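Residues annotated as transmembrane segment in TrEMBL: 21-40, 92-120, 151-173, 179-202, 238-260, 280-305, 312-331, 337-358, 365-385, 405-425.
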Amino acid sequence: MDRESKPKILSNIQIYLKQPWDLIKTGYLILTWITMGFHLELIGPTMPILAANIQVTYSGMGSVLASRSAGYLVANCLGATLQSIVKNHSEGLLFCAFVLPAIVVFATPFITSLILMCIVSFAQGISKGFTDLGGNNLLLKMWTVNASAPLNAVHLGYGVGAVFANLLIRPFLTNRNIFVPYSITAFVCLLIALGHMFLYILEIRNRRQKSRVEEVEESLDKSSPYSPRTCGRGSFQYGLILSIMFIAYTFFVGGNYQTFSKFYFSFLKFEKFKLSNEDASWGMTLFWLSSSIGRFIFAIISIFLSVNICLSIIWAGAICLAAAWLTYVWIVGLSSMSLFILGAITGLIFSPIFPLSFGYFNQRLNVIPMLLGLLLCGTALGAMTSNKIAGLVMDHDPNHFPTLLAIWILMATLLYIGSHLVYFCHRRPSADTGRECVNEEEKGVMMEITNKENK
């Protein structure tokens, strides 16, 4: 058994080692996601300071975060309609995605108006949308059906960046001076943008050399980029149903993860827990460390196990997690220790879902740029809706914050199970057709034998 498994493990690893340039680009994308985690997650521990600057409650900050999700939605709608840009200029998108936050992150500490803060947050949402469109498209294009491990490795960077952001911001929370950490983050964004500009120039040069080959391939490919038949690899009904289910699935997945990470610090600061800023900051750091560990673990596991098995394990764990949150909030009662442990487990379970899901989508469907954009639109709508609801919940009764988490987990799990049923129903007619063909061949052979015997 060991002798058989070793060659299989080596062959799985060699798939990635055979593409050294793609490995280098994937490594730079990890740095990209670290920086994205840096600039997007600064708002978590600094939310009380920013809310005081613009003189709003958590409901107002929920509107700010909803504006970010609106920007994310707009960026992904553009990606779904302007497919050629996503397909051919992913590195260019990534360059724009980090020039924008370099400007708005630097300006954030000086803002004293809710409207201006919403505009800045909207711009950060556009940046996140461009990053997801460009980065995920590059990964799916480079690694195709083997994209699960690279996706997890790259998205692991987000949690690492968030940890660094929390460590960087901690010394400045006491004196409420956040200009220095925001300025450092803006500078790092600018450096990442310059790196993507260099890669974009290399990509354009390589494309000129391959332009003739690509023109021939495009002339042979007559499938419509806007048809569900293209997504369903020839089946219109299957492509349409599964695309809709996956978009709804990303609505709940995106809403859950993005909302919990943004409001967890504020939940830790809920009066009944009596935690200081430093303790709450450690809670956030623990959450992001466990998120990074979760993505690291599944980046390795997904090399050897199928993505459906990985996701099935995670969703089973997520249901248990939801039950644990509800039990501790409404029956047992939350202590600071149980709060930190549950937060860490939440990060561990939630973090691999998003990248693994895109690996799963890529196996079940042909994830063309239009579908990628729509899936990310689902994430944006989920985050926008969930952020607004969470802001209202935090103002009225923070005890219901984990309840929101549990509802979103349940809905996403049901859609995941439903997608398996749709895939099974789609595969079954194909298998039956194959059996009919075999039976007809057997009948033909038997007829020939009978005819020969009669002669």
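Backbone N, Cα and C atoms are what each Cβ position is placed from, and that goes for glycine too.
Residues 136, 140, 147-148, 151-152, 154-156, 159, 249-250, 253-254, 256-257, 260, 264, 268, 273, 282-283, 286-295, 297-298, 302, 307, 310-311, 314-315, 317-318, 321, 324-325, 328, 367, 375, 379, 405, 412 of the same chain lie 6+ residues outside the transmembrane segment (337-358) yet bring a C-beta within less than 8 angstroms of a C-beta in it.
With a cut-off of 8 Å on Cβ pairs spaced 6 or more residues apart, the transmembrane segment (92-120) and the transmembrane segment (179-202) reach 3 or more such pairs and are scored as touching. Taking residue pairs at least 6 apart in sequence, the transmembrane segment (21-40) and the transmembrane segment (179-202) share three or more C-beta contacts under 8 angstroms. Under 8 Å from some Cβ of the transmembrane segment (312-331) lie the Cβ atoms of residues 298, 338, 342, 345-346, 349-350, 352-353, 356, 399, 402-403, 405-406, 409-410, 412-413, 416, all in the same chain and six or more residues away from its ends. Across the candidate stretches 21-40, 238-260, 280-305, the maximum count of CB pairs under 8 A to the transmembrane segment (405-425) is reached by 238-260. For the transmembrane segment (151-173), the residues of the chain that approach it from at least six positions outside its boundaries are 26, 29-42, 44-46, 49, 135-136, 139, 180-181, 184-185, 261, 277-278, 281, 284-285, 288-289, 291-292, 294-296, 298-299, 302, 347, 351-352, 354-356, 358-359, judged by C-beta separation under 8 angstroms.
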